[in-house]
Amino acid sequence: MSILLEMKDITKEFPGVKALDQVNLKVREGEIHAICGENGAGKSTLMKVLSGVYPVGTYDGEIHYGGALAQFRNLRDSEDQGIVIIHQELALIPELSIAENLFIGNERQSGGVMNWHETFRRTEELLRKVGLTEAPGTIVDRIGVGKQQLVEIAKALAKDVRLLILDEPTAALQENDSRKLLDLMLELKAQGVTCIIISHKLNEVRYVADTVTVIRDGMAVSTLDAKAGFEEDDIVRDMVGRDMSHRYPERTRFAGDLLLEVEDWNVWHPEHTERQVIRDISFNVRAGEVVGIAGLMGSGRTELAMSIFGRSWGRNISGKARLKGSAVDLGSVDRAIKAGLAYVTEDRKSLGLVLDESIKFNTTLAKLEGVSTRGVLDENAETEVAERYRKALGTRTPSVFQKVGNLSGGNQQKVVLGKWLFTGPEVLILDEPTRGIDVGAKYEIYSIINDLSAQGKGVVMISSEMPELLGMCDRIYVMNEGAFVGEMPASEASQERIMSLIVTE
Amino acid sequence: MTSESKGLKAYLSAHMRDYGLLFALIAIMAFFQIVTEGTLMRPVNITNLFLQNSYIIIMALGMLIVIVAGHIDLSVGSVMGFIGALAAVMIVNYDIPVAVTIPVCLVLGGLIGAAQGYWVAFWRIPSFIATLAGMLVFRGASLWLLEGQSVGPFPQSFQVLSTGFVADIFPQAMTSPIAEAVGARNFNLLALSVGAVASMVIIWLGLRGRARAKAYGIEGEPSAFFWGRNVIVLGALMFLTFKLSTFRGLPNVLVTMGILIVIYAFITQNTVIGRRVYALGGNEKAAKLSGIKTERLTFFAFVNMGVLAALAGLIFAARLNTATPKAGFGMELDVIAAVFIGGASMSGGSGKIVGAVVGAFIMGVMNNGMSIVGIGIDYQQMIKGLVLLAAVIFDVYNKQKQG
């Protein structure tokens, strides 16, 4: 097979950092080429160089595309040559129809007047190609995320794509939607479209990829060929630069006294007041215990956590909460914090951090009274606290004065954890603590969780990744449609057992 | 390039905004000093500059907090006019003592702020709309209160709020030789002493901050910059206070304003409540989930704004010695412009008191300078508009370069 794309010795420097260091990448015509690497390894930067977001001249090295030297000055240039990139965050406009979205910037028109017939006809054609049966006039907002992702691909096809780049396309998708998308990729491959997929999900990479290039610290460290055969562990090893025989750190398990008990918890939706979101949920956490809550997205896990944590979500909340055996008032966030509860949000960027501010600012935010006297902040004490948690959690950053917005996902999560540890909680509710974090950083977060349990704290862990729950928890509650449908010790749990509980209820 | 000069360059590019603002002010002052042939820096004009801009600056302090919290207050001009009108009606028409009128007006300003903040904070009405309504309501209220007439003049005891000066505490025997030496009619040694003491405090605070930063291994401002900046700032401070000394000394308003600036700078930078305002503006949801009572904080930002607008209204009325139905008309835009020129972000979460004050002075010096030169109000408006645009473009450009 001929080489469609060759990137030679690509080096890209930002002030102070070398994001890419002599990276070489060869993509053959008609293959699916996966790029794996930890967050911050340089995958996205490499794709930005390729697609002209970083124009020619701002990087060193050469790009050969379709047999010629490519010098893209912007996205438009690369798109004209059939290179289309689909970003992690969808670029669809939710209020417009599928048809309008497909041809944005590429409208079927004559003299500035839209040709709606042509637009709709082409849309139907393209939707069929990606296996969607929706009407072209459907508003994008009304279809699920999985289908939106397929619409994105249809949009790429509308541009006569030759090289399709997907940046973590399944990050927000459910299992079966992911599968559909991957199958579509295989189909496109059969039609001669070359694909580059960036993904953290190694089982998916194994499923679709012909070749895998692993990038670490801005360098391409290895290229693996599917035909030669490779294991997920090979990729993981190359990504983190060490052998990862255990994905979950060892922990000596013990369960102490009861810490948090929640009884008959009921919550209604804040806007659709007739909808009950949480039904009669009771659970408990003991000191030193890691308790998991399994369930699909939308089963009400986050709503449960937030309603307990200072009634931050929902209305008509009823139920009893006890901490160490005595009733406790969790009526507002600050009272919940004082009572010894901490909630690490699922979405750290929009709910957990002030991105424009420093690590120091964020670390002390939930307990400013700990670094102030009579309302006046003590900058030195703040710096000390931030330093302490930076060291304890191994946050990789030049200093605590760094903006958290500039940190990688794993390091941001450590800042959030540091912030909550500083409040001195008894019970931590961790909502998807490893979402969007690479393998190496995940391991570190797991180790932190184990340390917490060793200190006798109670941990409630909400996660969509069942292997993670099975690997980390002592006990797992299974949640479905706002109610708990099962409880089991982790030793007796399996993915199949949890799934069957969810499905049969 | 040596590593040190590289560090300097990196530092400069990261703090371009702060230095840029200071140099812009100095450049504008130098420019008008030349084109007005020295009129700008005459003691009487400097005094005037402070008097003319005091109410803008006082309101800018409150506006900065509102804007950092992620909101805006369009009603401040109208509220200021309304409170001035109320003071006039109370004092002139009803002979209510000044000592009663002033606290009543300030409390009412707070209540007005509360009335608007209530809808913004607890009902989540966009502040643009809630305060646009307030702007119309209080503009109408001023008209109604004054029945379309100007009311004045005020008694002396009220006028001193604006036009009074702090009497010298040093005996005449000490000051008259100095007056002779510098060729002035009299010399207010107090003003100069205050300038000197303030300079020493600034240097002391600066050095203490640097020592602390060093103790923590924080890479602070390069020492060349620290001293360069301080020489300029303190030089300007001493120069201004000297000029004031040769006129009538420190205007009361300048003292009020100076104290308020120090208090608000301290609150925003060094207190828990200030920190929480920045967190609220930076990411409201994250702030809320960190136990911060965001609604209450928003509410108080507006209450505070109301009190400061009332204070500005009193000072404005005292300065004009009359309350007119048109007082404060469009003033909110000058205040908001000052805050944005000072580097605050429209989306909230960033901006500094000192920036807002310098921003207000940039506008003030331009107004004053252009008036002296005789540039018409038409051109003045256009030029001010372009300066605002340029300042914000400069901000955005800087951000893009860094990001």
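Just so you know, glycine gets a Cβ as well, placed from its N, Cα and C.
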B:353-373, B:374-394 - the range that TrEMBL marks as transmembrane segment: B:353-373
Long-range neighbours of the transmembrane segment (B:128-146), counting only residues six or more past its ends (CB under 8 A): 72-75, 77-79, 81-82, 84-86, 88-89, 112, 115-116, 119-120, 323-325, 327-329, 332
Surrounding residues of the transmembrane segment (B:100-121) on its own chain - C-beta under 8 Å, 6+ positions past either end: 71, 73, 75, 79, 82-83, 86-87, 90-91, 127, 130-131, 134, 138, 158, 161, 295-296, 298-311, 313-314
Candidate ranges B:21-40, B:76-94, B:187-207, B:250-267, B:353-373 - greatest C-beta contact count to the transmembrane segment (B:52-69) (under 8 angstroms): B:353-373
Proximity verdict for the transmembrane segment (B:353-373) and the transmembrane segment (B:250-267), three or more C-beta pairs under 8 Å: yes
Cβ contacts under 8 Å made by the transmembrane segment (B:187-207) with residues that lie 6+ beyond its boundaries: 165-170, 174-176, 178-179, 226, 230, 233-234, 237-238, 240-242, 244-250
Residue numbers, six or more beyond the limits of the transmembrane segment (B:227-244), whose CB comes under 8 Å of its CB atoms: 19, 22, 26, 41-43, 46-47, 188, 191-192, 194-196, 198-199, 202-203, 206, 221, 250-251, 254
Sequence-remote partners of the transmembrane segment (B:297-317) [C-beta within less than 8 Å, at least six residues beyond its ends]: 54-56, 58-59, 61-63, 65-66, 69, 71, 73, 75-76, 79-85, 87-88, 102, 105-106, 108-114, 116-118, 120-122, 127, 154, 161-162, 253, 256, 260, 273, 276-277, 280, 323, 327-328
